[in-house]
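Each remark here refers to the structure printed beneath this line.
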Amino acid sequence: MSRVLIIESSARQQDSISRQLTQQFISQWKAAHPADEISVRDLAKSPVPHLDINLLGGWMKPQEQRSEIEQASLERSNELTDELLAADVLVLAAPMYNFAIPSTLKAWLDHVLRAGVTFKYTDTGPQGLLTGKQAYVLTARGGLYAGGTQDHQEPYLRQVLAFIGIHDVNFIHAEGLNMGGDFHEKGLNQAKARLAQIA
């Protein structure tokens, strides 16, 4: 049995394209892997606080020196990190906001990219500790950005996932969704077809 962790980051609910892709992924995965365990963390319904002095204190201070709020911040980060550590497959559902990822997803990443936990520093540079995991990134974009200089979403996510040791990453982009004409339907159908092939 494998464990699948899905991170939803769209601020939208029923009208969200990235959530549509997530639902397709879940249906396909359950059909192919009925014994697997799937858990979903929705960052729109339960936002993760942005990195602040309390979390830094929780990370850096010994337990006896932490304040109550620093301890609470650390425990939240531990919960998020433990979910990621336990997962065999990570799914990030991420609409493109202003050429990049939602700030809620960035906040989640700031909680789980932790020295000594998900990566470590060595004499030859940083080393990811989450090797052997697989990741899927499901994106929704108003325009056509894949492979272009305005795409600050895929390169960034590839970098941070590789940094913690996740190199097996598949991106599924639904693009051109706000361009009018046939672009919306074409972009969504292409994404669904690609997802059907690889997930």
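Positions of Cβ are set from backbone N, Cα and C atoms, glycine also.
For Ser10, Ser16, Ile17, Ser18, Met96, Tyr97, Asn98, Phe99, the entry in TrEMBL reads FMN binding site. A coil conformation is recorded for Ser10 (FMN binding site) in the three-state DSSP classification, outside any helix or strand. Under 8 Å, Cβ to Cβ, and six or more positions away along its own chain, Ser10 (FMN binding site) finds Ser16, Ser18, Arg19, Ala44, Ala93, Ala94, Pro95, Pro102, Ala140.
Taken from TrEMBL, the feature domain 'Flavodoxin-like fold' applies to 3-197.
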In three-state DSSP terms, the structure that Ile17 (FMN binding site) belongs to: helix
Rounded mean pLDDT for the residues that make up the domain 'Flavodoxin-like fold' (3-197): 95
Densest Cβ neighbourhood among Ser16, Ser18, Asn98 (binding-site residues), 10 Å radius: Ser18
